[in-house]
Amino acid sequence: MFHFPQLILLLHCTLQICKPHRVWEQDLKMPFVNVEQQDTYMCAYFQPSLLNGTAFIREILPSANRSTVHHIILKGCSHLVTKIGKPTRCGLCQTIMYAWGLDAPPLRFPLGVGYPTGLNAQIKGFELEVHYLNPVKSDHSGLRLIVTDQIQPRIAGVFLLLRGDAIIPPGVKSFPIDVSCRISSTIPITIMAIRGHAHSMGRSIIGYRLPHGHGPAQLLGRVNPQLPQAFYPLKQLHSEFDGVEVGDDDIIMARCVYDSTSKTQDVGMGPTHHDEMCNLYIMYHSSPMNSFGEQENMCASDIYGSKWKLIHESPNESVRKTLLETKSLNDSLQRSSSRSLLAADNFIASVQTTLSSENVILRDISLLGQVSGVETRVTDNGQHELIVLHRGPNTWTYNSFNEKFIYRNGAEYINTETVLHVNPVTGNVSMKWGRNMFILPHSITLSYFMDSNATNDNNLPKEQQRRRNEGAPTSVWITDVALHQVFKFDWMKWDKPSLTLGVPGKPGNNRYQFCQPSDVAISSTGDIFISDGYCNSRIVKFSSDGTYITEWSALGLSNREYHYDTVHMPVSLSQEDWASELPYPDPSYSSSVDIRGLDFKVVHSLTIIPSEDGTLEQVCAADRENAAVLCYTLNGKLIRRYGDSSLQPSVYAIHYDPVHKLIVGLTGSTYTSVVDPTSSNDNVLLPPNLFF
């Protein structure tokens, strides 16, 4: 029984085939309205400027004054709107996108994040809500949107915690009101900023996350609601992290603290400035497949009130810490009131903060060479991490190899760290390694399986057992097309590989040599699959200890099999090692290699589809120049081939997503397409608007 996943193909652009992306402005402003009473609410509705396509909001610039406008709220509409630009009643739309108050500065999203809008997106219209504090004539307050047609891989969103039923008694120095609930998202979200809103009595609004509903609590930030009410990056509010990932079993909590010593009677929650409010807006980014509904992005009660015993901070202490910690924030805002929050500026409100000189900032592309591979993982504290493989000063050009696939520049090892562990929100590099180990590294793969030299759990090192049991990676695999080798590094043992396959600098097509190997995939049993590659036309399978098992071409398992050990070579090589003879010489090796049946045309990328509900585990390969994806049993039997004109001209990389049961691919096509293997006809194209 086989599981046939859906195949999603992403575009691969070059300067020759991609049109430049457009950026434009759209104003959402009140049509010069006259307001005659205090605490008047007015709304106006607008359509996205690119209605028939999909555009992404990247910046929001407010245009209002706190002397007349109490707050502005932008909501998204899931339906088309009418009465465009005319003041009318509020409440027709539900999805909160943005909120402004007390002269807050503009907002710019981090790189790769935006709000998708248009007929193919969830947001098909806008509701601009303006709460007028005082009467005003001919008011044109509102927002300016900076919009692009460039696809943003992460969508922005807002989750609101509020209390509308609480009462604040008079004469209390620090009175708390609490809110708590779970975020009902089918896909984890990453919190990037929070905004607090209260009226004149508010002194502190604090956000917490309880991982899996248990302590210790993780601080999201402390907000002073008397400061400009903007979306502040978490670290500016003294959170430990720039981004916090939240799953559907986590509890989110908010506490609002008020000073009612000047009051002589109860004050309730309400819409006027004489009432109070307790709002904590949480801004996040997530996958486009996030399934938040309009009614699921709000929490209005203290569902998990018993969990507050895990918060070891009194309301008085919360106020004291908030005032102390936000003093420098207030000073900086007064100096730089026109600067954007969440942007990549060197401003205190920047998510992507400036680092000391000994660190690397990934967003400075000049510090990287050719980036040949990227992996992701979840760290021990639940944060995401990018692992980036690059080539430093070495480049792969048309002249890098001779006609026998020998690298022309010899043992030109890269004298800089080639592997960077990066926080994807800030660009901070937490770890780097790989100096003097590689020449032209090509791919990087994380393995979550057992040690290659162990046969059972009792023989596994304790640290590796712990990592495997917790779902953490146990090793990193890297291929090098100049060395014609594959390397395995046990986790955190970056000084030398624990396993090396291939002969350094010597291409071949046999049981112990490769020719420009392109990728590695590791099965659930630890078996090693190597795509070999650029000048060979095969997938090679080894046992977890590096023993050769078999190989096959595009059509599947060949008749040629070996069952004896592969030669393992050390990673540290001198010039003498480089020039030494092969243990099994193959002097006649050239471009006229042995052809087995139907060839791959550059088998470029591999991915494993795990066994689920009795299905067989599969290994799938991207046949780059044939523009196809082929899936096999772990023993090399061809199961399925995905490929037609929609995949042209090339399929560069594939990865299986176990959460959504999708193969995600990077293709040379100039448009986005989806292949549905469950249909009766092979490779039926589904419309691209399924993405958003």
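Using the three backbone atoms N, Cα and C, a Cβ is placed for every residue, glycine included.
Here is what TrEMBL says about this protein:
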BINDING   HIS70, HIS71, HIS131, HIS197, HIS199, MET277  Cu(2+) binding site
BINDING   VAL374  Ca(2+) binding site
BINDING   ARG391, TYR534, ARG624  protein binding site
BINDING   HIS442, HIS604  Zn(2+) binding site
DISULFID  CYS43-CYS90  disulfide bond
DISULFID  CYS77-CYS93  disulfide bond
DISULFID  CYS256-CYS278  disulfide bond
DISULFID  CYS515-CYS535  disulfide bond
DISULFID  CYS620-CYS631  disulfide bond
DOMAIN    28-137  domain 'Copper type II ascorbate-dependent monooxygenase N-terminal'
DOMAIN    156-301  domain 'Copper type II ascorbate-dependent monooxygenase C-terminal'
REPEAT    501-545  repeat 'NHL'
SIGNAL    1-20  signal peptide
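Rounded to the nearest whole angstrom, the C-alpha distance between CYS93 (disulfide bond) and HIS70 (Cu(2+) binding site) is 20. The shortest Cα-Cα distance from CYS515 (disulfide bond) to any of the binding-site residues (HIS70, HIS71, TYR534, HIS604) is found for TYR534. Of all the binding-site residues listed here (HIS70, HIS131, MET277, ARG391, TYR534), TYR534 has the Cα closest to the Cα of CYS631 (disulfide bond).
The binding-site residues under consideration are HIS70, HIS71, HIS199, HIS604, ARG624. Their Cβ neighbour counts within 10 Å are lowest for HIS199.
Taking H, G and I as helix, E and B as strand and the rest as coil, DSSP gives the repeat 'NHL' (501-545) the counts 0 helix, 15 strand, 30 coil.
The record gives HIS70, HIS71, HIS131, HIS197, HIS199, MET277 for Cu(2+). Within 8 Å of the mean position of their Cβ atoms, the other Cβ atoms in that chain belong to GLY101, ALA198, GLN229, HIS273, ASN279.
Here HIS131 (Cu(2+) binding site) is positioned 67 angstrom away from CYS535 (disulfide bond), judged by their C-alpha atoms. Across the domain 'Copper type II ascorbate-dependent monooxygenase C-terminal' (156-301), the DSSP tally of helix, strand and coil residues reads 10 helix, 69 strand, 67 coil. With a 10 A radius on its CB, CYS631 (disulfide bond) counts 25 other CB atoms from all the protein chains. Summarised by DSSP class, the composition of the domain 'Copper type II ascorbate-dependent monooxygenase N-terminal' (28-137) is 0 helix, 57 strand, 53 coil. Per the record's binding annotation for protein, residues ARG391, TYR534, ARG624 show a top Cα-Cα distance of 22 Å.
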